[in-house]
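Colleague: Pasting a structure here, questions to come.
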Amino acid sequence: MKHKVKRIHFVGIGGAGMSGIAEVLVNLGYSVSGSDLGDSAATRRLKAMGAKVVLGHDAANVEAADALVVSTAVKNDNPEVIAARARHIPIVPRAQMLAELMRLKSGIAIAGTHGKTTTTSLVASILAEGAMDPTFVIGGRLNAAGANARLGKGDFLVAEADESDASFLMLSPVISVVTNIDADHMDTYGHDFARLKQAFVDFLQRLPFYGVAVLCEDDPHVRSIMPLVSKQVVRYGLSETANIRAENIRAEGGRMIFDVLRVNGSTTRLADVVLNLPGLHNVRNALAAIAVATEVQVPDEAIVKALAEFSGVGRRFQRYGEVAAPSGGTFTLIDDYGHHPVEMEATLAAARGAFPGRRLVLAFQPHRYTRTRDCFEDFVKVLSTVDALLLAEVYAAGEAPIVAADGRALSRALRVAGKVEPVFVEDIGGMPQAVLEAVRDGDVVITMGAGSIGAVPGKLASNEEQA
């Protein structure tokens, strides 16, 4: 019956999760079209590959479609959704389309509140180095591939599994990874943390009887669900009880070096493994990838080479290099997608480790009013650890403002805490200039957030604001 579906239309085709699936479908030979509110690198790439992409949503866009793919960000009052429903065109959730792709391959699904994109990228890179030619769909741009998706000829499909809308429960992988479990996207789970944890259990229970759950031993919430999982479990982490663990860890010039111990009856050691990423959190991400690679029998030489040569993921501790400071000298510019206090803390710790003794300047844009409200005190705590802070207004992501959960409220709370004096930047368009006014020679500047702040480092690096 699948041959009846020839043209697939994506509503919001430029989104991180949507564009990757669209790219794989283009490469599978489907006629792909899509609409989005704005032009982006993702939409331009898809156009170059032959997809028909239009700006703006209109009922006419779906006239020739056999199926409509939507993310949870697309509302029922979208004109394309209304038109598809009137024409009885199937409306397919993004995760369901990913699940269809996964049925064609052996799926490796990476879940967890933090670290999904980096871990998925590491797994894809290791499998590629091991000549397994994987298909991958990633929530960020894998620098080595120049894309966030690729159709491979091998047996495996590596993808992120999204818990934010519980859509990961549609996937049927053969290997599932859970990096950690934290309180985020709690609206989906009725603000009930027990329900969130149960969703992860249900996700792992979707594994077949021969499947493997790769779980982080260091995360207390992941550890707490292990007894509820009736599948083979491989534990990874820094803990001595992990099956795959790291020892002799040291930071060196923005990289991490460590030994890997694999305990499975006998013990094997990989000495002096080099990971071309900073931070203990990335050591854990690498251990998860090593665990997966070991399960699918990637040679150790390929694992070691892929980790040492890993060139990163777009907006995950992405280094823009040295930028001229207006007052003379230069500053180091880094961009990161972090938007939850836990991942922000890990990234800032990684920066301290990679650049010891240097002043750390953070330009941060909070993402969603609900997250700002739910994690308010944690944001105050983590933002108080930097040496200088430029704070933007909350990126709404479609949400209505919430009283006492906006940028000004966060700025006031930080002043009361007294550890850092924030500079509030109401319009994100003014952020590049605000950074240049605050920066000194030798500083490390990190732009951080999941919203429109992603455009700021490019402007700083190209000296647009200094012209």
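Glycine too: its Cβ is placed from the backbone N, Cα and C atoms.
Annotations for this protein, taken from Swiss-Prot, read as follows:
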BINDING   Gly112, Thr113, His114, Gly115, Lys116, Thr117, Thr118  ATP binding site
Colleague: Within 8 Å of the centroid of the Cβ atoms of Gly112, Thr113, His114, Gly115, Lys116, Thr117, Thr118, which other residues of that chain place their own Cβ, given that this set defines the recorded ATP site?
Modeller: Ile110, Thr119, Thr179, Asn180, Asn285, Glu343
Colleague: Test of understanding: give the count of other CB atoms lying within 10 angstroms of the CB of Gly112 (ATP binding site).
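Modeller: Step by step: centre on the Cβ of Gly112 (ATP binding site), count other Cβ atoms within 10 Å, giving 23.
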Colleague: For Lys116 (ATP binding site), just give me the three-state DSSP call.
Modeller: helix
Colleague: Could you tell me which of these binding-site residues, Thr113, Thr117, Thr118, has the greatest number of Cβ atoms within 10 Å of its own Cβ?
Modeller: Thr118
Colleague: Write out the long-range same-chain contacts of Lys116 (ATP binding site), meaning residues 6 or more apart in sequence whose Cβ is under 8 Å from its Cβ.
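Modeller: Non-local contacts for Lys116 (ATP binding site): Ile110, Gly139, Glu160, Ala161, Asp162, Thr179.
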Colleague: Return the residues near His114 (ATP binding site) by Cβ distance under 8 Å, restricted to its own chain and a separation of at least 6 in sequence.
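Modeller: Residues satisfying the criterion: Thr179, Asn180, Asp182, His281, His340, Val342, Glu343, Ala346.
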